[in-house]
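Colleague: Next up is a structure, given as structure tokens.
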Amino acid sequence: MNSSDAKGTSTDSRGSYLRHIRLEHLYAGVSGGVISTLVLHPLDLVKIRFQVHEGQSTVSRPQYRGVIHAMHSIVKNNGFWGLYQGVTPNIWGAGISWGFYFFLYNSMKTWMQDGDSKKNLGAGWHMFIASVAGFGTLTITNPIWVTKTRLCLQYENAGSQGKPLQNATQMYLGMSDALVKIYRMEGLRGLYKGFIPGVFGISHGAFQFVAYEELKTLYNQYRQQPIDSRLSSGEYIVFAALSKIFAATLTYPYQVVRSRLQDQHRHYNGVMDVVRQVVRKEGMRGMYKGFTAYMIHVMPNICIVFLLYEYMTTTFEEPSTTLKTQIEDVADTI
């Protein structure tokens, strides 16, 4: 193959990929992530506080007896808005994460289907696409998640059994302040704490998307319908919930490890150090701390995100026709 043939092949590949870019997936993902976060952030806050709690520890932390008690204590000591501590980076992180994840996932999926949405790629390809999309999204958003965790773990007015902590100070004044201080004090490495367990966590999104896609495919095949047939809102919710339960049960421990690595109150020497200390001091149950709060949070979260996503991609389909034509025109000129 001569250089002109190679150049032509590369050009065709780029042009083919650009033709399958659909920005409605980005819009829908951002919308779902932001709305679900605004509604459910208090449960996310409680989940993080449970994840880092070590029982008997040298670190002074609030003591909670359960999800309801935790929320009541936070409101009692910090007011209603105490439940929204760390919400700014959570909104940014959720919006960007879901937006880019859906965008990358569906762009690659449509490209591999060559525009034929009725083509079944199978679980293996869905797993690969979801993993690539997850890695790209994690690389972009990890600094935001570190910031969110740090802000959620500021215990300025929340002591044991509702009593104020002694000598508690507020290290960070907000998202921007946290990003700057973490970078100045800990460097780029500080902003990417928890990245390695986050990479393991990519499997969570991969398992979830594979389960979701396969459930929809099998259900449509059972109904003797094309695999891209639209479903009812209730059916989308059921499949989203089942896929989340499946993925969460398999991969939740990585979230405990990640939260503890990002916790400003403790220092660990890497992933294996966290795992060893948690298992030794708290048993395997320690690897599932906060799981109840997590499931209460993510079940409605994932249903909101996926339902909004399916609804908005349908809504944006017609407006995106013009955009798609413009992208194809650009692709033809490359």
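Please read every residue number as a count from 1 along the shown chain.
Any Cβ shown, glycine's included, is placed from N, Cα and C.
The shown structure was predicted, so the numbers you read here are calculated from the model rather than taken from an experiment.
In case it's useful when we look at the structure, here is the feature table from TrEMBL:
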type	residues	note
REPEAT	20-111	repeat 'Solcar'
TRANSMEM	81-104	transmembrane segment
REPEAT	121-218	repeat 'Solcar'
TRANSMEM	124-145	transmembrane segment
TRANSMEM	191-212	transmembrane segment
REPEAT	231-315	repeat 'Solcar'
TRANSMEM	236-257	transmembrane segment
TRANSMEM	291-309	transmembrane segment
Colleague: Should anything in the same chain at least six residues away from the transmembrane segment (81-104) have a Cβ under 8 Å from its Cβ atoms, list it; otherwise answer none.
Modeller: 23, 25-30, 32-34, 36-38, 41-42, 44-45, 71, 74-75, 132-134, 136-137, 140-141, 144-145, 147-152, 154, 157-158, 174-175, 178, 205, 305, 309
Colleague: Hey, which bits of the same chain come close to the transmembrane segment (191-212), Cβ under 8 Å, at least six residues off its ends?
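Modeller: Hits for the transmembrane segment (191-212): 101, 105, 123, 126-127, 129-131, 133-135, 138, 142-143, 145-146, 149, 179, 182-183, 239-240, 242-244, 246-248, 250-251, 254-255, 257-259, 261-262, 270-271, 302, 306.
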Colleague: Suppose you look only at the repeat 'Solcar' (231-315); what would the mean pLDDT be?
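Modeller: Mean pLDDT, the repeat 'Solcar' (231-315): 86.
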Colleague: Go ahead and report the DSSP secondary structure tallies for the repeat 'Solcar' (231-315): helix first, then strand, then coil.
Modeller: 71 helix, 0 strand, 14 coil
